[in-house]
Every structure is written in structure tokens, then in C-alpha cells.
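Here is what Swiss-Prot says about this protein:
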DOMAIN    93-377  domain 'ABC transmembrane type-1 1'
DOMAIN    410-633  domain 'ABC transporter 1'
BINDING   445-452, 1075-1082  ATP binding site
REGION    657-690  region 'Disordered'
MOTIF     1322-1325  motif 'PDZ-binding'
Amino acid sequence: MLPVHTEVKPNPLQDANLCSRVFFWWLNPLFKTGHKRRLEEDDMFSVLPEDRSKHLGEELQRYWDKELLRAKKDSRKPSLTKAIIKCYWKSYLILGIFTLIEEGTRVVQPLFLGKIIEYFEKYDPDDSVALHTAYGYAAVLSMCTLILAILHHLYFYHVQCAGMRLRVAMCHMIYRKALRLSNSAMGKTTTGQIVNLLSNDVNKFDQVTIFLHFLWAGPLQAIAVTVLLWVEIGISCLAGLAVLVILLPLQSCIGKLFSSLRSKTAAFTDARIRTMNEVITGMRIIKMYAWEKSFADLIANLRKKEISKILGSSYLRGMNMASFFIANKVILFVTFTSYVLLGNEITASHVFVAMTLYGAVRLTVTLFFPSAIERGSEAIVSIRRIKNFLLLDELPQRKAHVPSDGKAIVHVQDFTAFWDKALDSPTLQGLSFIARPGELLAVVGPVGAGKSSLLSAVLGELPPASGLVSVHGRIAYVSQQPWVFSGTVRSNILFGKKYEKERYEKVIKACALKKDLQLLEDGDLTVIGDRGATLSGGQKARVNLARAVYQDADIYLLDDPLSAVDAEVGKHLFQLCICQALHEKITILVTHQLQYLKAASHILILKDGEMVQKGTYTEFLKSGVDFGSLLKKENEEAEPSTAPGTPTLRKRTFSEASIWSQQSSRPSLKDGAPEGQDAENTQAVQPEESRSEGRIGFKAYKNYFSAGASWFFIIFLVLLNMVGQVFYVLQDWWLSHWANKQGALNNTRNANGNITETLDLSWYLGIYAGLTAVTVLFGIARSLLVFYILVNASQTLHNRMFESILKAPVLFFDRNPIGRILNRFSKDIGHMDDLLPLTFLDFIQTLLLVVSVIAVAAAVIPWILIPLVPLSVVFLVLRRYFLETSRDVKRLESTTRSPVFSHLSSSLQGLWTIRAYKAEERCQELFDAHQDLHSEAWFLFLTTSRWFAVRLDAICAIFVIVVAFGSLVLAKTLNAGQVGLALSYALTLMGMFQWSVRQSAEVENMMISVERVIEYTDLEKEAPWECKKRPPPGWPHEGVIVFDNVNFTYSLDGPLVLKHLTALIKSREKVGIVGRTGAGKSSLISALFRLSEPEGKIWIDKILTTEIGLHDLRKKMSIIPQEPVLFTGTMRKNLDPFNEHTDEELWRALEEVQLKEAIEDLPGKMDTELAESGSNFSVGQRQLVCLARAILKNNRILIIDEATANVDPRTDELIQQKIREKFAQCTVLTIAHRLNTIIDSDKIMVLDSGRLKEYDEPYVLLQNPESLFYKMVQQLGKGEAAALTETAKQVYFRRNYPDITFTSPAVMNTSNGQPSALTIFETAL
């Protein structure tokens, strides 16, 4: 597999000097590039050596392993938190020095402000010494401001890097664990949960590291401020501090409540994402069943539960945010009320020193400290979830033993095993066999007999309860449901091996892929879409087989690879691949194709997990049983009684063929051929995820807000904000006005010596109390309203997006990897639920503060507007310059994140394959490469933000300096109150202004999530589900289907997969559809179901299918699909999602498909929750559930799409018999690779390259040696061909000449007098 991206720029930070590191100058070249053009992945800098995923993950893993050992020794539960602390405490502790200096500066700064105000209170125009001292204080104040500007951002940069390292290390460990999960552990988790750990839980680490230091800095700073306030205003300061002390436990209570709500939300989010994952995976089936509405309701209910919890936690957040803004006002009110009531007189210096000191401590105590608690409690929940996952059982690591003599061997003795220990009956019992090089061991048996389990035992996936499995040699494994990952066909076959042209060509030929690859646009460099979207089932199976053959292993485990292909290709694969290419190897073949058993060295027959018989083909024949007559009799008697091969629910928790079969996203791996093969390196590319460019349009904001509330409501919110802010400023202005009046009164008294004159305290206090109350009320109302509207918007847009996804054509799902679609539902919706409302509120509040600061400063010193103009111009230019780059960086961060999830999901789907090929290390490397690519983008995102913030704070520092020195220059015209108000407000601008601008950029960045969601609400739609023209109630009554010159393609620019198809299918006719893989068989079904709109006309009972709604059309046809899909939920919901049938009808349907006993054995019977994707059923049993669905629907038209490819002949016979019996009055179309299933059809349709080549009765086609159908039948071997011809002949005469009694000899292979190979297996059971 190729590296994720090739060219990497060295990281300029490594060579940057001190100044460049402090001011982030090393980023300047990147901003220049971003200014000129859009940034691409190649512009990102390589990740620093200490930030590499491999290095970080292995380091934390070492500490975790030590912790596990220590916990075991001390007999206690291991603590992941301990491992994290031991790994990172030193590097993180050093960063506390930054906090100490920064917070210390914040505390002393107000003292110098007080000295400047004192100068104005005692202003004497002739005292030049006092003036010079005041200039000194102004200079120190300015120095403090500059120190804060620099230190703050260095601290934030380093703590965010620490958070990133912890997150990356955790992801590495989670993925490593996922590759090692035992199968019992897989039963306890789901892809959705693991994806959620990787998408949501680990993100908490990015945030928690920012605030943790404030857990000690907060209380320390509070003590220092208390001392200074005591000196300044005496005992009254305790009243204000009492309010702070009350606030703290209140906020920690809110934090606890919040954390419990978050963990509940996480569980609901898990459930929603898991279900979304299944819905997106099974979308083709959902559309064919017309089940969209049922799933829309299911997701809507899950989302409703989730959003109610989110709203709760959002209101708590809103209260926390409001308390941050209101706290200062309440504290000042309480302090100065008690100060005045104790008989003191207010002065400007006391007011503004107290205000600034409280301001400093407020930021830490009411924002950073609670954030530390909130983020800490979130992180603890996440760590607990991750720890539980890391403690799941692992598969014991098994080395591939190569014996000293170099001979491979598989030796199984008295092997018994359980998938689920809770169940009484074992999955496999008492198995014994030996396989040596050059031997082909065939394993046969009915559905649920334990065939796949036997392979998993050899793989080491099924641990023994007793007995022994000894495997010497390297294993290659081909799973029953083929696993392919996104990448080229070639990279899927090479699977990390070096490309050797000659060997590769041989493998392609042996696996019958040559012709298929020629048909693909880019040959073997065609990119396979997600879940193999560009390949048919048979092609995927052969790519899987080719991967195994190319590995050149010693032992080959093949789980029914021949079922997915037609007879001709099956014969080719068996002869050229299994018998020739692998003739020196040990091959264990699970198969239902009995014609191949002759070639097997040994045959193993399983039933209910036990070995019924073992021996060679000849030994079975010599046992002297008259196979022919037995088979015939058994078939005739099988109808009334239950066939002995009744499938029982496989007694197990999981099998790989099923567990990850229907699951989440495949990866977007950019790998082709190995290095050094330039010619092979070129490859076709999967459509890239769209990244919108430039600014977020006004339209996105408009859609976002209007989704949350009506415009009247939004205008009301804007007014509420404005009025609230006016009262906020008025409260401070009133204090300053009061201090001025008091000061003027004191001066008058001093001049006149008149002490009786005093201010009316009740008047001043009354107004002050009123203003405080209004400010508090408006602050809380504003917070809650913003959260209400924005969470509501998220809910509305989620529903619109899901509705749009349900109505999107199937092509959309073929073109977009599941990871990409899921990313919108997990990550983007997560942002809109959680971070965006918070950031938005923060932005509104800080913006209003900044505006009021500037307004106050300008009102006091009007000429301040002069330097303000150039500063504003610099700011606007800087912001625009920054956003040009930052937008691209954020979008790169989004798009480099998807492959991480996709790779995880893909690996989980192919887990057994990866482990069989010992490819864990390679997959881990690839995962680390994806992580490093994401870290490159994330690192740029962090550093570019800091680059901007440092420059913004520099602008603010200049503003503070101008105000400080300006007020001294204009001392004659100003009073102490005005200077105090202007300077204290200017100081709050520090940090506040850059935070406001950063939050505005952050809002814009997060609006990308809104934009991505809105993009999915406007997807191209398929035709409407219901139209005005409705078919008559009983339609279709006859089931006549007419194809009139039908052309079909899946996309407008795609090739035609059906060409000029014209055919008539009469009422109640049974039509078999055959053809090579990729001939257009499944496309014929797609055209019938209008999965894409066909050209030409298709009529059903004289109604043109394109004129009616899709649901009216699809509900009236039943389909048993190629890949059976079950969804999480109850069996009842899987059979009847709309509750249209009674229990009696459901049980009857289950009984007819012989699943009744199996379902009755389940703990909750029909209401038992199925495992994810129904994975506690074997593939054959899931197929039977699909048959039960068809029986319940009772439609006139039934379509069977290779439904019996994965089942044994007994179950196949059962399905065929049920179809004949239950659907005798229906029109049935059957796509089949097994010709015996359709030989008794009324007609056979032979397709080749999308054209209808032959269409007639089977016997008529078999009379023509030139016909394609005749050639297909002959390829099965003489005996099988004779048996099929005989059956076709009987059916033909029975149908056309019913009066003639037609007898035929027993089904014999006349050339040698032996019964057909088809019979062996049936009698053996």
C-alpha cells in the first residue's frame, strides 16, 4: 500500500529562531501562498518527529501496558488516567510557568491603573513630579499589556499541541486494539461505537488540556486578588468574594449535571450513528423494499431522544455563559453597596481598581476554572469509554509456525468450541482432521452447519474450548462475503506485496479477471468505490481470490468463493485456480457446488457443528448406497414434512462473514502499486470530497437561522441583545458618575469647610440596583434564547439532510464512501449540536462588549477616534489576509479527517482477512499515515490561529498605550471617573478583542459544517415516491412485464449496462436470467425498480412504470436480494416495519421458511433485538428471512437476485420449493449462477454485455448446440449436463403436452452408469 501522500515539505518550525517562534513569523510564507491561491495538501508541512502517530501511540501504549501489569499485581482495576498522567505530566507541568507569570501580571496591572486614576483625583497642573511619575505608571501598564499579549498565545499554542498529542496517541491505541479484538469482544461493541470513540470522544482531549492548569491557578489568583482588594477597599471586598464563592459550587454542580447529560447524549448519538450506518449501507435494499418511511421514523425517534438531552445540556451551558458575563456586575454591586452602607465614600480609583481586579479574577474563576471542571468531567467520561474498549478481550497472538522440514500442515484433533459460552450447544464439536500440502479438503453441509466456523477455528478466530488446532505455514483466507477496500483493483490484489508483472498476470488469468479488467475504464488501476461499488458481486469474489493466490501462502482457506460466480467462471476458477495454481498447497474449500467434490482429496460433511462423515469421493460411492433413488424419494417426501436439513439459528455471537459485512465506511486509501513502479503508479481517482471555496455565503447563515426560528423571533433576539448591552454599560457609567459627583462634593466641602452637604444615597443605590437587575435578566434571557434557536436549527437541518439522503438516487451511495456520508451525520451534526451554538453565543457577547468599549472610550476622549481609524484598517486587512489561509486550512482539516474513519471501518470489515494475512502492522502504518496527514492540517490550524491572535493583541496593546498616554496629555479636560472608565474598558479589550475576532473566524469555520449539511439537503432527488397518477388498488393483477427497447445506465456519463432490451414476460411466467458476471442481470432488476431512470419503456399490466410513484411501483414487487440485509432492531421490525401483519401471519411466514424453531429459541422470540446487521444469523439464514419478507408481501411479481448463491443445496431446494408453492400464481424472475435452480423455468433469458442474446424455453435452447445456454450447461460436466437436460425435457413435455404421460429414467450419468455428483451430499445427511 502506498504512502498517503508523497511530497512532504519540511517543517519550518524546526529551524525557526526564538523571535520567530514567539511571533510565529515562520508561518509568513504559508500566508503568502494562501493569499495567492487555494492551499492544497502539498502545501502542508510535515508533522514534527515528536508528533508522529507511531511515536506517540507506542509511547502511551507502553505506559498503559505497565499500568495493566501493575493493576494485575495489585488486584485492582487498571486506570487509563494514571497511564496518561505518567506519560505526560512532566511536559505538561512545565507549561504551568506560563500560566503563573501571565496570571501574576494580570493581578498587578490594576494597581498601576489605580495610580494613574489617583493622579487625576489629586490633579495639580503645576506638579511636574506627579506627572512624570504618572508617565512611569503608564509605561509599566503598557509593558504589562505587551507581556500578556505574548505569553497568552505561547501558552495556548503549547497546551493545544499537548492535547493534539494525547488525541493522536489515543487514536493509535484504539485502532491497534480494534485490530486485535476477539470475536466475543466484537459482540460487545459495534463499528458505530468505535467510530464515535474516534470522532467524538478523543476530541475532548484537545479541549481539556487548555484549561487544566486553571484548576490551581484559579484559587491562587483569587487569594492574591483578595489581599489586594482588602488593602484597597477593606472588609467590603469580602461581600464580593462571597458571591464568587457561591458561584463556584453552583458551577461545579452545573458541570456534574452537564457531564451526566453528555454521557446520556453520547449513548443516543452512538445509537443514531450506528443506525445511520446501517441505513446508508443497506440503502439499495431499503429503496427496493420502499422502507424509507419506516427508517425515517426510526431515525427521527432516535434523534428526538438525543436532541432533548442536547437541549438540556445546552441550557446548562447557556447559564454558565451568562454567569460569566453577569458575575462581574453582581460582584461589583454587592461590594460597593456594602462599602457605601458601611459609611465609606466612593472614589474613582477605588471603583476602577476593584472593577479591574474583579475582572482579572472573574475571567479565571468564572470562565477558565468552570471550563476546566466541565472539560475535565467530559474527558473523564471519554476516558472511561475508551478504557472499557481497551479492556475488551483480545485474540491470542498466533505466530505462523513453519516447521523445521519446511512442510506445512493443518492438524485438528477433538476440537470443540463455542462462539457464545452462554449457549449450551457448541458451534463445533469433536472435529478431527489432518490436511497436508497438495491436498484439497472440501467441507460441505447445510446452512448453519459450522462450515465458516471451521475455517475460523483454523484461522485462530474461534478459540478452542477443548482439543487442539495446530497450523504450520502461512495462511491466505478468502471470506464468504468478499472484502475490498477503496483503492485500485491492483492494490486490492497486491495487498502490500511487491508488484511482479509475470506472477501478477498469471494470477489474473487463473482468477478469470482478464476480461473484466479489460472492460473497466482504467483496467486494474480503476479505483474501487466504497464497499466495491464499481464491481459486481462475482468480480469482488474473484478479486478476493486473486489477493489470496498472489500472496503465495502455504495454506488456503476458501469460504465458498464459487457461489458468487456463474457456472462457466466457477468451472474456470476451480480448474485453473484451485486445482492448478494451488495444487501444491493445502486448500480447505467450503462449498455448496457438489459437482466439484470429485476433485477433492477428502470430503468433510458437517451438520449442526459435528462431523457426520469424512472420506474420499470414491469411499462415499463404494458405500453402496443407491444415491439416485434415495435422492428422488427424499425430494418427493420432503414436501409435507420438515426437511432434515432444517437450518437452526447458528449458535454463536458473531462470524466474520456477517459481523462487519454490512458495516460502516470503507476507506479512501490512496494506494496503488508499490514504490519504484512508476508506470504502475498512475491510477484513476475516486471522486474527491467537494470542498467549497471562498467565503461562507450569506445564504448559509440565512438557511441556518431560518431553520431555527421564524424571522420575527430572530429580530426579537437581535433587539434583546442590543438593549441588554446598553444596560450593561449604563451600570458601569452610573458608578463612574456617582464617584465623580462624590469627588466634586468632597472638593466643594474642602473648599468651603461645609461638612453637612451629602449625596442622596437611596437615589444612587436605587438606580444602581435597578440597572444591575435588568442586566442580569437580559443576560440570562439572551443566552437561553440563542441556544434554543441554534439547537433547533441543528435538529431541523439534520432532518432535512436525512430526508434528502433517503430521496437521493442509488448512484449517490455508489459514488460517495460511507465514511464521507457518515462524517456529515456524526462530525458535522456534532459540531452544530454542541460547539457552534456555544461559539456563536460567545461571539455575540464578546462582539457587543468590544463595540461598547470603543463607544465608551470615544465618548470620553473623542480624539481617540483618530488612531482608531488606522488601527481598524490594519485589523480589517489582517483579518481578510488571515481568513484567506485559515478557511483552506480548516477545510483541509475536515477532508483529511474522513480517511481516518474510512480506514478504521474498512479494517473492521476485513478484520479476519487482515489477521489471516498478518497485515495488522501494515494497516497500522497506514492508519498512522492517515493520522499524520490529519495532524499536519491540525497543526497548521492551531498555529495559524495563534499567528493571527498575537497580531490582534498587538493592535489592542497599541490602543491601550494610546488611551493611557493620551489621557495624561489631556489631563486638564478630563475627570478621574472618565479616565477610569475609558482605561478599565480598554484593558478588558486586551484578550476580549482578539477572542471576539477569533470567535468570528471560528463561527465562520464551523459554518463549514452547516454548509456541508445544507449541501446534502439539496441533493439530486430520484422521482417522487407518490404521484397524482396512482395505479388501481389491485394492481398488478396479472404480473405481465413488457420491456420495450430499454437502455439503462447508472449515471448520465456512465456506460450503457443494458442495450436495446425488448422482451415480454407473461402473467405467472417463471423466467430464469443467466449470463456471465457483469452481463447486466442485476442491472435488469435495477431498471425494473427504477434505481436509476431507464430509457425506453417498461410496462407492468399495461401501466408505464415511469408514470407512477416509486413507492407505488416498488411496494408491488417483492425481491430476495443478492446480499441479504438485516437491520439492528427486532425480528418483527425486520419482517414487518410498518406493522401491517398480525403475529400469526409473521409466525406462519417464519414456519414456511423453517426459521420458526430458531426464532422461538431466542430469549425474546420475535422481539429479541438482533445484533448489528443481524450478524448473529448465518448468511443462509438471513436469506431465508428475506424469503419470509417476500411471502408476507404476497405480491404478483417476485424477483430473486442470486438469492441461493450462499446456501447449501438442501436450503436451496427448500427455497425453490417454497417459491414454487407460494408463488405459483406470480410472475417470478430469477437471476441464478446455479443452473439447476432455473432449469425448470418457463423461459430462460440469456444476457451478454447488456444485450438480450437468447430468450426461450430451456429445453428449446438446449436443443441448439450453438446457443450460449447450451454451452453454459455443458461446462458443468457430462453428468450434471445430462441431469439438467433431462429435467428441462420433463418440464417442457409436461407444459406443452400435458396429455402425454412422460416417464424418464433415474437421473443418471449414463456415460458411466453413476449417479450425478449432485446427489452425494443429500444422502450423506
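The backbone N, Cα and C atoms fix where each Cβ goes, and this holds for glycine too.
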* **Confidence summary (mean pLDDT) of the motif 'PDZ-binding' (1322-1325)** => 32
* Under 8 Å Cβ-Cβ from Lys451 (ATP binding site), six or more apart in the same chain: what's there? -> Val443, Val444, Gly445, Asp559, Asp560, Val590, Leu606
* Taking the Cβ of Ala1079 (ATP binding site) as reference, which residues of that chain separated by at least 6 in sequence fall under 8 Å from it? -> Leu1247, Asp1248, Ser1249, Gly1250
* Going by DSSP, is Ala449 (ATP binding site) part of a helix, a strand, or coil? -> coil
* To do: Write out the long-range same-chain contacts of Lys1081 (ATP binding site), meaning residues 6 or more apart in sequence whose Cβ is under 8 Å from its Cβ.
  => Ile1073, Val1074, Gly1075, Asp1201, Glu1202, Ile1231, Leu1247
* To do: Determine the most Cβ-crowded residue among the binding-site residues Val447, Ala449, using a 10 Å radius around each Cβ and all protein chains in the structure.
  => Ala449
* Asked: Counting only residues 6+ apart in the same chain, whose Cβ is under 8 Å from the Cβ of Thr1077 (ATP binding site)?
  -> Asp516, Ser536, Gly537, Gly538, Gln539, Arg542, Val565, Asp566, Val569
* Structure fact -> Reading the DSSP string in three states, the entry for Lys1081 (ATP binding site) is helix
* Just counting, how many other CB atoms are there within 10 A of the CB of Gly445 (ATP binding site)? -> 26
